[in-house]
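Going by Swiss-Prot, these are the annotated features:
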BINDING   130, 293, 296, 298, 300  Ca(2+) 2 binding site
BINDING   259, 260, 273, 275  Ca(2+) 1 binding site
BINDING   336, 341  Cu(2+) binding site
DISULFID  50-52  disulfide bond
DISULFID  218-365  disulfide bond
DISULFID  235-346  disulfide bond
CARBOHYD  141  N-linked glycosylation site
REGION    61-84  region 'Disordered'
REGION    341-360  region 'Interaction with sulfatases'
SIGNAL    1-33  signal peptide
């Protein structure tokens, strides 16, 4: 039975609060759709929080004590040069440089893609790959960490990836994006619900991780989340004023460079790039800095709080506003298509609450120096 389209899902909210939140989301999504309708062919049909990206946990502020604790440890003085390096997932050096962040030709104006501004970035390191299921499992086995999706007991999953048995047990959906369903038992170990597993995809990106979960992992690994500026600088791979990490053409010489949606969304994904869901983290050619799947495949968290108002004067290692409600995510996912979610461009951006999770949301880490043993 198809799930009725409700404006919001929150099994943990009082009934009165839920009604109010439903009304608020309906108003917000309607406004977002009206704004985006006039942004041209490249614009998505829904705001990031309503359809293109990942549904948000409504007003939830899940326990982030572990993430904050790990963050404090990560900000402690680093090890001195010469100490033995940890065995860690591959990181690549990102050289210092100046680049144009954002764009003066925004495709989704309300996302705050504009204006173009010159930004200087110090040298740092970036994970060559999105954090995989295998890498995240090492973290969980070492620490006993429970993700917020596991604590809440559910997470959002794209309907097209669900079994019929799981769908029959779902009574609610997101009105603005009915292909997003809240699935009990969906988490990083069970990306499509309790009858799914990651055993056959250890090298795929870990999914259903909140911003707090990502911070906890990166800090445990001696790393951190990249800033939005670092992420976008890395995405461009040394190229200037280009849409994608490899240039301006989506498929140069007919070759696929990213895992995105082909076909009519959300009805048919033809999988012309070889995948209908996520791909292994080393799929597709790397960009000029050696980064794989920096766009498409899975959305990636950054450390910045969300804002659509950018200072053109903050030109050295910008870190975004000091506070906010949502965190910035970049890169788009396997669900993105130009007709609906043209957010697999380096300048594109979206947002989610720090405790939100879904079946297209992952991350990769950055570091000022390569992690070392204590």
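Placed from the backbone N, Cα and C atoms, the Cβ positions cover glycine too.
Around the Cβ of residue 300 (Ca(2+) 2 binding site), a 10 Å sphere holds 28 further Cβ atoms from the protein chains shown. A distance of 13 Å separates the Cα atom of residue 275 (Ca(2+) 1 binding site) from that of residue 336 (Cu(2+) binding site). Over all protein chains present, the Cβ of residue 365 (disulfide bond) has 28 other Cβ atoms lying within 10 Å. Spatial neighbours are here defined as Cα atoms within 10 angstroms of one another, and by that definition residue 293 (Ca(2+) 2 binding site) has no neighbours among the recorded positions 141, 218, 273, 336, 346, 365. In terms of Cα spacing, the recorded positions 235, 260, 273, 300, 346, 365 that come within 10 Å of residue 336 (Cu(2+) binding site) are 260.
Taken residue by residue, the region 'Interaction with sulfatases' (341-360) breaks down under DSSP into 0 helix, 4 strand, 16 coil. Between the CA atoms of residue 298 (Ca(2+) 2 binding site) and residue 365 (disulfide bond) there is a gap of 14 Å.
When the recorded positions 218, 235, 259, 260, 273 are screened for a Cα within 10 A of the Cα of residue 130 (Ca(2+) 2 binding site), none qualifies.
Cβ neighbours within 10 Å of residue 275 (Ca(2+) 1 binding site), excluding its own Cβ and spanning all shown chains: 20. For residue 259 (Ca(2+) 1 binding site), the nearest neighbour among the recorded positions 141, 235, 296, 346, 365, judged by Cα separation, is 296. For residue 296 (Ca(2+) 2 binding site), the recorded positions whose C-alpha atoms fall inside a 10 Å radius of its own C-alpha are 260, out of 141, 218, 235, 260, 273, 341. In this structure, the CA atom of residue 218 (disulfide bond) is 28 Å away from the CA atom of residue 341 (Cu(2+) binding site).
Excluding 259, 260, 273, 275, which define the Ca(2+) 1 site, the same chain contributes 256, 258, 261, 262, 271, 274, 279, 283, 284, 296, 297, 334 within 8 Å (Cβ to the Cβ centroid), listed in sequence order. Around residue 273 (Ca(2+) 1 binding site), taking its Cβ as the centre, 21 other Cβ atoms fall within 10 Å, counting all chains.
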